[in-house]
């Protein structure tokens with residue numbers, strides 16, 4: 001009875017070895033995007049995968065330091081302060097002839113400012129209020145362009161205050177960094193002179 005045998009090419013070749021496959025050709029520039037996750041090495045798992053990601057000391061220090069703008073000298077805009085600034089801006093523009101409003105509208109604004117609330121159509125009138133204000137209570141005081149002019153002036157003033165505050169803080173920080181740099185340079189120079197060998201040594 002005859003039997004057929006198959007001879008292996010190499011004696012040390014593994015019996016369960018998979019046949020070699022050709023590597024797939026990837027277009028240029030896509031080799032990194034199509035690559036799979038990195039496999040652990042044979043010696044052991046990689047240290048980068050086992051250790052958690054921690055920020056550097058410099059960034060950790062910056063995150064713990066309080067921001068110089070947290071306690072800014074600029075007070076927050078409360079509704080009362082905003083109303084006061086708005087009335088002052090209206091009076092200033094009226095004096096400069098940039099806000100043409102009637103005297104009755106200006107008196108109405110001052111009356112509403114002293115009363116503490118705007119005189120609306122549904123709000124109760126004070127007993128000492130003039131009759132013309134009660135009659136023309138629903139009439140608008142300013143047009144849209146006038147309101148836009150007032151808001152632009154207030155925003156510009158607030159922007160100038162914030163810019164001055166930012167520049168002062170930035171100047172202080174730059175001065176501190178310069179002083180630290182000068183001190184570090186001086187210490188390095190002193191160490192070099194101290195470590196330099198003398199003639200007697």
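For all residues, glycine too, the Cβ spot is worked out from N, Cα and C.
Note that this is a predicted model, so its numbers are computed, not measured.
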* Which residue among 78, 123 does Swiss-Prot mark as phosphoserine? -> 123
* To do: Examine the ranges 8-13, 14-19, 20-25, 26-31 and name the one recorded by Swiss-Prot as motif 'Nuclear localization signal'.
  => 20-25
* For the motif 'Nuclear localization signal' (20-25), would you mind checking the mean pLDDT of the predicted model? => 64
